[in-house]
Amino acid sequence: MYDISGWKHVFKLDPNKELSDEHLEMICESGTDAVIVGGSDGVTIDNVLHMLVSIRRYAVPCVLEVSDVEAITPGFDFYYIPSVLNSRKVEWVTGVHHEALKEFGDIMDWDEIFMEGYCVLNPEAKVAQLTDAKCDVTEDDVIAYARLADKLLRLPIFYLEYSGTYGDVELVKNVKAELKQAKLYYGGGISNAEQAKEMAQYADTVVVGNIIYDDIKAALKTVKAVKGE
């Protein structure tokens, strides 16, 4: 079993986007700590299974970030369950989770499942619009969400999600200073090694996603920038 607490760099692959076999091999052999499969829309059991089978040809740990209960399948090493803490809709905080537990609770392997406390901070992002996230928040608000995840809910992961835009480094630094047990994941807008390295100063885990589809070489350079290997 892998130890997610030591992961510094992960790639996130969207099953609804095209990725060549050659580029997938580059991602999986890059030295990244894990590959997360997940997206905000167009996620189906078929494209998740296709992605799983493709990634399983390699030794890299593989995580399904669950956005649709209908697209859950066995075979992943871990399952990340996002709870959007700044959503205005309860369904994205605990609602869909309750439904999933009602349907699948008896067969879940709890050692493979980790809850993520999301704070979505880009109002233009698909995930923000889907979940009706309250993105016009102050730093104090974000710190409070971090405390909620870390100290009240005792979640293993607090995820700052800028999704498509590069975030506020000072805010990431201040959030990290508040967390005692939760690991801080940062995702959003990383387009080069310098940005990845900058966020890695404070985030426990840097998530690199969109740049994979725009500039594979730049994406691959983020691994060494974060891990320093």
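The backbone N, Cα and C atoms fix where each Cβ goes, and this holds for glycine too.
What Swiss-Prot says about this protein:
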| type | residues | note |
| --- | --- | --- |
| BINDING | Lys12, Tyr159, Leu160, Glu161, Tyr162, Ser163, Gly164, Gly189, Gly209, Asn210 | sn-glycerol 1-phosphate binding site |
| BINDING | Asp14, Ser40 | Mg(2+) binding site |
For this session: Would you mind checking how many other C-beta atoms are within 10 angstroms of the C-beta on Lys12 (sn-glycerol 1-phosphate binding site)?
Result: 18
For this session: May I ask for the distance between Lys12 (sn-glycerol 1-phosphate binding site) and Ser40 (Mg(2+) binding site), taken between their Cα atoms and rounded to an integer number of Å?
Result: 12
For this session: List, in sequence order, those binding-site residues among Leu160, Tyr162, Gly164, Gly209 whose Cα sits within 10 Å of the Cα of Asp14 (Mg(2+) binding site).
Result: Gly209
Problem set entry | Cβ contacts of Tyr162 (sn-glycerol 1-phosphate binding site) (under 8 Å, same chain, 6 or more positions away) | Leu121, Asn122, Ala125, Tyr186, Gly187, Gly188, Gly189
Problem set entry | Other CB atoms within 10 A, centred on Leu160 (sn-glycerol 1-phosphate binding site) | 27
For this session: Using a 10 Å cut-off, grab the number of neighbouring Cβ atoms around the Cβ of Asp14 (Mg(2+) binding site), all chains included.
Result: 21
For this session: Determine the Cβ neighbour count for Gly164 (sn-glycerol 1-phosphate binding site): the number of other Cβ atoms within 10 Å of its Cβ.
Result: 16
Exercise. Which chain neighbours of the sn-glycerol 1-phosphate site, leaving out Lys12, Tyr159, Leu160, Glu161, Tyr162, Ser163, Gly164, Gly189, Gly209, Asn210, have a Cβ atom within 8 Å of the mean position of the site's Cβ atoms?
Worked result: Asn122, Ala125, Thr165, Tyr186, Gly187, Gly188, Ile190, Val207
Problem set entry | Gly209 (sn-glycerol 1-phosphate binding site) CB neighbourhood, other CB atoms within 10 A | 22
